[in-house]
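Asks: For T146, G167, D189, N231, the entry in Swiss-Prot reads S-adenosyl-L-methionine binding site.
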Amino acid sequence: MPWIQIKLNATNENAELIGDMLMEETGALSVTFLDAHDTPVFEPLPGETRLWGDTDVLALYDAEADTQLIMSQIKASNMLAEGFAYKIEQLEDKDWEREWMDNFHPMKFGQRLWICPSWRDIPDPTAVNVMLDPGLAFGTGTHPTTALCLEWLESLDLSGKTVIDFGCGSGILAIAAIKLGAEKVIGIDIDPQALLASKDNAQRNGVADQLDVYLPQDQPEGLLADVVVANILAAPLRELSSIIKGLVKPNGQLAMSGVLDTQAEDVANYYRDELHIDPIVEQSEWCRISGRKQG
């Protein structure tokens, strides 16, 4: 069935309160916060909510909702300034999951690595193929940060090496490392759902016995790897820099992404004391920082 969407322009100070009011008083089925100006916002730390200065609040209702009544309730709440901007539109019903699946195609990284949705045919059976079902965790290869890390891994000789995927998400980087020759790979993530998705995808690729996954508090003491990849975000890359550097063996290699071009030099400076940093690689405003740890 079709849906009705009401979009309200708010600020980061009142967006959450407005969202609560829409759910509790107007019967909204869901509420979403979007940036009104496409300004990057960074992943909040646990327990923290971080929104844009100019935020659109999108509320979804069923097609029978009384929009005049809803708008009168919104105005009566006095949460928005007089003359606030809003938009009401009807959305056609779609099979969103099917549409997403139809638009997720096999992708090639470097000379020999393919990331293939599990429901698609493999384009090149002789290549290094990672079959992926993202499930509940982020990481399909479509985002520039994932692509930058995959291309970096593909460029290395991983034969017989140990790799840590710090912030493993769906396990795409960890599984790619195994397929590219790594002997052992460890995935670390703060989200238990990510660990489940990583193990499920590893099983799908026949490499589950080469992948161990841990929550940070459960990882073995003294964990070290020849290669570490951390596709997270700038804030945790800064805050966890000592931990991440400590995972890299002497003469080992590290790559990081989830960093915008405006943040790259600052993040890199947190690692220069222990690593020789390579030239920063940029793709669509996102960057990869890589380097080798001093011996």
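Note: Cβ is positioned from N, Cα and C throughout, glycine not excepted.
It should be emphasised that the depicted structure is a prediction, and the values quoted were computed from it without experimental measurement.
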Asks: With S-adenosyl-L-methionine as the bound species and T146, G167, D189, N231 as its recorded binding residues, calculate the greatest Cα-Cα distance and give it in Å as a whole number.
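Replies: Taking every pair among T146, G167, D189, N231, the longest Cα gap is 16 Å.
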Asks: Give the three-state DSSP assignment (helix, strand or coil) for G167 (S-adenosyl-L-methionine binding site).
Replies: coil
Asks: Indicate whether T146 (S-adenosyl-L-methionine binding site) is helix, strand or coil by DSSP.
Replies: helix
Asks: Under a three-state reduction of DSSP output, how is D189 (S-adenosyl-L-methionine binding site) classified: helix, strand, or coil?
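Replies: The three-state answer is coil.
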Asks: Which number gives the other C-beta atoms within 10 angstroms of the C-beta of N231 (S-adenosyl-L-methionine binding site), all protein chains shown included?
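Replies: Result for N231 (S-adenosyl-L-methionine binding site): 27 other Cβ atoms within 10 Å.
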Asks: According to DSSP, folded down to helix, strand and coil, what is N231 (S-adenosyl-L-methionine binding site)?
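Replies: For N231 (S-adenosyl-L-methionine binding site) - judged by DSSP and reduced to three states - the answer is strand.
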